[in-house]
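Asks: The transmembrane segment annotation in TrEMBL covers 12-34, 94-112, 144-161, 173-190, 196-219, 240-260, 325-344, 351-375, 381-397. If you look up TrEMBL, you'll see 263-334 marked as domain 'DUF1736'. Look at TrEMBL and you will find 450-483 tagged as repeat 'TPR'.
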């Protein structure tokens, strides 16, 4: 039955292709912006003259992994697809954007296949369509560098689908799908690091869905065994064996990955992620507050911004900060869902559990909770977590639309959500057209980030528009007076305008801000 259910018909695939094309056709007119510049325009690993082995020795930006300045993001397979684009069209941006669009379509179709394991047909299509049009994905789909998310997601979902086939008749273990899963996890991780989190999702699926345990039954069995009254049931031993094999192979992947980093963590500045270098409790309060910020972006993706570093989100420094209410609400809501999904048997709680796993586990590497990352909030890392969000929304919508009173209104609301999201996505794609449009759109949302003011200034400076560039650079120095780069930008622009006295003053300020001993 599951096999029949999980197949995607041609009609459904065509619908997804149509919807994605309608939302993203204008991304083909965008250029290379922001991180694309260092990952593609300046990356020697794309050139046919560079030996292929370099891809596997360098990080995502073409810096050798062994160097200290390397960002340690090891994604050779993503760089390989950039290289194929380069072979095909050199640095013509259209082919890069087109391939991203194709990958997004593939993710949506594979995601539909996954949804059908936990939702009925209609809700699955709803979840998949919501995923296809959600504006939070513009950074991953329209920003060329976002391809790492797209590729990783394809193999992430494929690994999970493969794992669901590992239970044979009479609960026997089928080993081939497990081997395929491990291989696909490795591939996903070579596209982007968080691919490895799919192992956690497979484990939860095995225990709570395939074997159908609930938390209370597991607890009972454990208590019985500890009291010496019962032995471990055979089915549980089999489950344990599968989990051990999965965990062991994952551990191997982690070991290899750590070898590749050469066991140094990348170094980020306090501008990239201000909370990471703050004292307790500000650090913990801020990192926890970022979770509701991300959740809010999924619920209401109206104010999108390409760069959330520096002063975008002021630190939460005391327990009395009103923003802590958002954190508490978020954890309350999440806790309620977790309790519901683990305590009660039944299809609904299984669906909620899988949705929660898809939200929480892939987000953990980006959450700052275990190790610092080089950003505060990044919309692209919500690409996989938004899958879980879409399943939750579709599941809730199904519950509402089954009640006769609410049927009409639930359809109206759903249509409105899909339509507004699609329009927002289409509109947001134009922001990625050039550096100037991207950073100007970011400044509408966010005036406290000096990096954005500087970047608009750079874009204008590249067009030789020094007068206007100067205004943006000066604004950057006002927003972040200790930003050395901003003062140097001001000085350089004054020099270009032949105002040497003013240039000298700016350079002197920059010099006074430099650390004394270098």
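Using the three backbone atoms N, Cα and C, a Cβ is placed for every residue, glycine included.
Curation plays no part in TrEMBL annotations; they are all automatic predictions.
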Asks: Have the transmembrane segment (325-344) and the transmembrane segment (196-219) got at least three CB pairs under 8 Å, pairs 6 or more apart in sequence?
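Replies: As far as Cβ distances go (cut-off 8 Å, pairs 6 or more apart), the transmembrane segment (325-344) and the transmembrane segment (196-219) touch.
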Asks: Go through the chain and flag residues at least 6 beyond the ends of the transmembrane segment (12-34) whose CB is under 8 A from any CB in it; none is fine as an answer.
Replies: 40-41, 91, 93-94, 96-98, 100-101, 104-105, 108-109, 112, 125, 128-129, 132-133, 138, 141-145, 306-307, 422, 425-426, 429-430, 432-435, 438, 455
Asks: Write out how many residues of the domain 'DUF1736' (263-334) are helix, how many strand and how many coil, based on DSSP.
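Replies: Result for the domain 'DUF1736' (263-334), in helix, strand, coil order: 33 helix, 0 strand, 39 coil.
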Asks: Report the DSSP secondary-structure composition of the repeat 'TPR' (450-483) as helix, strand and coil residue counts.
Replies: 27 helix, 0 strand, 7 coil
Asks: Under 8 angstroms, Cβ to Cβ: which one of 94-112, 196-219, 240-260, 351-375, 381-397 has the largest number of such pairs with the transmembrane segment (144-161)?
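Replies: Answer is 94-112, with the largest number of Cβ pairs below 8 Å.
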Asks: Would you say the transmembrane segment (196-219) and the transmembrane segment (173-190) are touching, if the rule is that at least three C-beta pairs must lie under 8 angstroms and be 6 or more residues apart?
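Replies: They are in contact.
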Asks: Return the average pLDDT for the repeat 'TPR' (450-483) as a whole number.
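Replies: A mean pLDDT of 84 is what the model gives the repeat 'TPR' (450-483).
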Asks: Taking the transmembrane segment (196-219) as the reference, which of 94-112, 351-375, 381-397 gives the largest number of Cβ pairs under 8 angstroms?
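Replies: Comparing 94-112, 351-375, 381-397 against the transmembrane segment (196-219), the winner is 351-375.
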